[in-house]
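Inspection log for the structure reproduced underneath, given as structure tokens.
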Amino acid sequence: MERIEKLIDNLPPMDLMRSEKMTLVQLIIPVESAHRAISYLGELGLLQFRDLNSERSPFQRTFVNQVKRCGEMSRKLRFFKDQISKAGLLSSVHPVVEPDLELEELEIQLAEHEHELIEMNSNSEKLRVTYNELLEFKLVLQKACGFLLPSSNHAVSEERELSENIYSNDDYVETASLLEQETRPADQSGLRFISGIICKSKALRFERMLFRATRGNMLFNQAPAGEEIMDPLSAEMVEKTVFVVHFSGEQARTKILKICEAFGANCYPVPDGISKQRQITREVSSHLSELETTLDAGIRHRNKALTSIGYHLTQWTSMVRREKAVYDTLNMLNFDVTKKCLVGEGWCPIFAKAQIQEALQRATFDSSSQVGIIFHVMDAVESPPTYFRTNHFTNAYQEIVDAYGVARYQEANPAVYTVVTFPFLFAVMFGDWGHGICLLLGALVLIAREGRLSTQKLGSFMEMLFGGRYVLLLMSLFSIYCGLIYNEFFSVPFHIFGGSAYKCRDVTCSDAKSAGLIKFRDPYPFGVDPSWRGSRSELPFLNSLKMKMSILLGVAQMNLGIVLSYFNARFFRSSLDIRYQFVPQMIFLNSLFGYLSLLIIIKWCTGSQADLYHVMIYMFLSPTDDLGENELFWGQRPLQIVLLLLALVAVPWMLFPKPFILKKLHSERFQGRNYGLLGSSEFDLDVEPDSARDHHEEFNFSEVFVHQMIHSIEFVLGAVSNTASYLRLWALSLAHSELSTVFYEKVLLLAWGYDNIIIRLIGLAVFAFATAFILLMMETLSAFLHALRLHWVEFQNKFYHGDGYKFKPFSFALITDDDD
């Protein structure tokens, strides 16, 4: 045993097996070099600062004014970005790189650009409002005259000329004829009118309101304006309607004007004389052309200014974000009483201490400070953060584990094993080497375009797919491997590794697949014999194979989880966990389900016809009975009795000793004896998850005992339920295989049986659609989620606490758009 322990101790450490060793450090930084030192540490990205001013509000901190300035500059940059987007311009793909600006210079530049843009926007809005008013006036003149003039039969030649050149009243002949009886001067009959323009969406409600307000004593005429008018606020084109309201009386006029104001309708005076109308129309058209020229010139000038800003927008945004991050970090530091230096604390990996010290020395030199920055290690009471150094390949697997819970500091990391077990268990459920090739092509496309896609902003689904490209790669490779074992290519078997080991039972056998097969040569060298496909024994054979294989894989992975709990206990020097958790758990699991796995392997090797269900059931109900034909090896009955007794002993072994030993250690501590024992981690942190290391005196025996009882019951019941849970490997594999068979036989082959090219193409299209969206998308997602559950629940609950917190260093590379 000692030799084995020495061998384990001498094994080389793995980068991902346990999190990086962390240390708590203190920095004492002179004020003149503080900004530069924090900037260099941000570029390095290996120090996580602690907030030493957590009791202060953000407005009570030292550098609150600088943070406000950076926030204001961020607002201006967002304003520029919105303006560039509204103008339909694009920020420069290759921005101009300027020499480093001071924050004050950038602040002045941004203020000037904002003032210039606001002034241009204000002038443009004023011109647009004037332009819209003139355009509306022109449309009212053109359309409203058709409701006011007599019909063409009674008009003089001058009126006909105006009607043809300025407006067209062909559509309103009936309306105009209603006024034929009226004399031209409106005062003689007492009939008056108000003309204007309103949004088309409000016209119907506007008419109803006028009708109710005047009690029907009005005549309402309307016509489409014919042109869309831009709203100066929303910059959207709006359809409008020209209206003319005829009424009588001053009281009605007041009501109509109020309703027009309420509905946002603009009223314009239309003169009575034809000559006046034509003169005003000419003047309005002249003003409109001048305004159009002015507006176009203003837009060109504004776009030129925005384009100039766009060249520098990326660099300015990056600079402001970095400055804001620096001042936010400086606000986490304490001012010394002398107001001449800042004191900071933070976590850093041990391997990064030399790099941090070098960066601090550079900051001292570059800032011409007479006093160096003091860097020294502190003793920590609380648990350090968890930090794993990952790369593009391992990062996705680490994220899968972290989604369940971040590893406790220095505990065994499941991601090391997840790299292999996760895609393999997925492939056991998904196994089809045809579908695996399709997944492989998708993974290779994502990996080939890695450089391009990593710089683009992807949607949520594509971002998730791209982040898991290497997971998809291994999933596809293992799917091809398992598909070759199952001998399935889109559910079709192939004689890849030679001829079948089975043939027709006799010469007269015409339908071997329905009548049965006999073995005539050595077994098929790799995977499932293709002759099983379609035979009467296909489902019983494959069900038996996949079910037993699922149990073997499940027991193996659960044993791995218990073994990792041993390495955790050994690393934290907790001999109680080794003696009273690891040993009884291994005995209990392998006495029952390890024995079942052994029986499966023996049955496969010997070809026995023993009923394993009967063996396992009667192992509990009547362990002393004779096994008869279900006996697979000599001495099986006494072995089963011994294993059953070991399983029964393992339960109280897990439950009782540990709480009582902890109680004894606690009482001896207060009697002043064996104090050194408690200095080690014999006092297991599991029994007091939050504060066992800090507050040893807070020992509650009943709480510890209940916790241990829950843990023991959970393991005993979980050993059964978790083993049964691994049968999902068999169930999903069977479902995938049967779905593939249905789509192949009932869609593709059925359509191919018709001698019609259209039916064949339809069948091929349906088969391709079902393969892509059901088998390659839905089945992939289903197998992925089930593999995720097997790792989170069945595997990680044996050894993984997952109650740590991530190492989040101050790093400029981690700043995102949301941090503005």
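Note: Cβ is positioned from N, Cα and C throughout, glycine not excepted.
Note that TrEMBL annotation is computational and uncurated.
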Worksheet item: Pick from 101-130, 311-340, 791-820: which range does TrEMBL record as coiled coil?
Response: 101-130
Fill in: Segment-level pLDDT (mean, integer) for the coiled coil (101-130)
90
Worksheet item: What else in the chain is close to the transmembrane segment (549-567), if you only count residues 6 or more beyond its ends and a Cβ gap under 8 Å?
Response: 8, 412, 414, 417, 421, 425, 428, 577-578, 581-582, 585-586, 589-590, 593-594, 596-597, 600-601, 719, 722-723, 725-730, 790, 794-800
Discussion item. Cβ pairs under 8 Å only, please: of the recorded stretches 424-447, 468-486, 587-604, 757-778, which one is richest in them relative to the transmembrane segment (639-656)?
Written reply: 587-604
Worksheet item: Who are the chain neighbours of the transmembrane segment (757-778) in space, where the CB to CB distance is under 8 Å and they lie at least 6 residues beyond its ends?
Response: 432, 435, 438-439, 490, 736, 739-740, 743-744, 747-748, 750-751
